[in-house]
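**Student:** Below you will find the structure I want to go over with you.
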Amino acid sequence: MMYHIPGVLSPQDVARFREQLEQAEWVDGRVTTGAQGAQVKNNQQVDTRSTLYAALQNEVLNAVNQHALFFAAALPRTLSTPLFNRYQNNETYGFHVDGAVRSHPQNGWMRTDLSATLFLSDPQSYDGGELVVNDTFGQHRVKLPAGDLVLYPSSSLHCVTPVTRGVRVASFMWIQSMIRDDKKRAMLFELDNNIQSLKSRYGESEEILSLLNLYHNLLREWSEI
């Protein structure tokens with residue numbers, strides 16, 4: 001399943017990020033991809049050795065960790081270190097699949113269950129640059145407002161279409177979820193959303209408490225910690 005997570009960064013945060021990224025050191029984006037991806041990847045990424053990168057990636061981690069909808073949808077166990085990319089002048093990233101595992105600075109290795117893109121450019125400021133994701137439900141084309149995030153299974157083939165005008169800047173990362181299975185994770189997310197909706201409409205009740213108990217028992221049964 002694919003999820004749109006709005007408002008991960010405020011407009012003020014986005015403006016500050018963009019101003020700082022204007023001063024960043026950018027390198028060839030192929031430095032962080034494997035052999036298959038390198039054949040179809042043509043973009044730039046912020047140099048991960050810079051002091052600015054360390055500060056910005058930490059802010060992204062703080063923002064997603066504090067976002068309730070992101071947590072409910074992803075049920076994250078481990079987050080990769082966020083990266084930042086830039087597309088301009090017809091740069092693109094052809095169809096590819098993300099690696100199943102990635103190295104992690106604290107955990108050694110992590111499984112990539114979910115991929116996330118946090119948009120940092122106003123969609124009206126550039127042409128092209130759509131994230132295209134192929135999954136079992138068909139093809140999805142995504143171009144979100146700056147500050148919004150899209151979450152989708154890392155097992156999906158995906159690409160970024162050529163940016164023919166302007167500049168597309170984004171942050172991206174991978175998530176190892178406590179729930180490995182996409183279908184089980186989607187069911188828990190739907191159940192959680194319905195519980196929250198019922199609570200806001202009717203207040204606390206025995207029935208809602210029973211549903212909450214069911215949610216946590218399923219999470220206990222399916223989670224890998």
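Our numbering is plain: 1 for the first residue shown, then up by one each step along the chain.
Glycine is treated like the rest: Cβ placed from N, Cα and C.
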**Student:** To which of His4, His158, His216 does Swiss-Prot also attribute binding of Fe cation at the site defined by His96, Asp98?
**Tutor:** His158
**Student:** If you draw a 10 Å sphere around the Cβ of Asp98 (Fe cation binding site), how many other Cβ atoms fall inside it, taking every protein chain shown into account?
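**Tutor:** The answer is 20.
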**Student:** Output the one of His158, Arg168 that, of all these binding-site residues, has the highest number of other Cβ atoms within 10 Å of its Cβ.
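**Tutor:** Neighbour-count leader: Arg168.
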**Student:** For Asp98 (Fe cation binding site) and Arg168 (2-oxoglutarate binding site), what Cα-Cα distance in Å is obtained after rounding to a whole number?
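**Tutor:** That separation, Cα to Cα, works out to 20 Å.
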**Student:** What number of additional C-beta atoms lies within 10 angstroms of the C-beta atom of His96 (Fe cation binding site)?
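**Tutor:** For His96 (Fe cation binding site), the count of other Cβ atoms within 10 Å is 18.
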**Student:** In whole Å, note down how far the CA of His158 (Fe cation binding site) lies from the CA of Arg168 (2-oxoglutarate binding site).
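**Tutor:** His158 (Fe cation binding site) has its Cα 17 Å from the Cα of Arg168 (2-oxoglutarate binding site).
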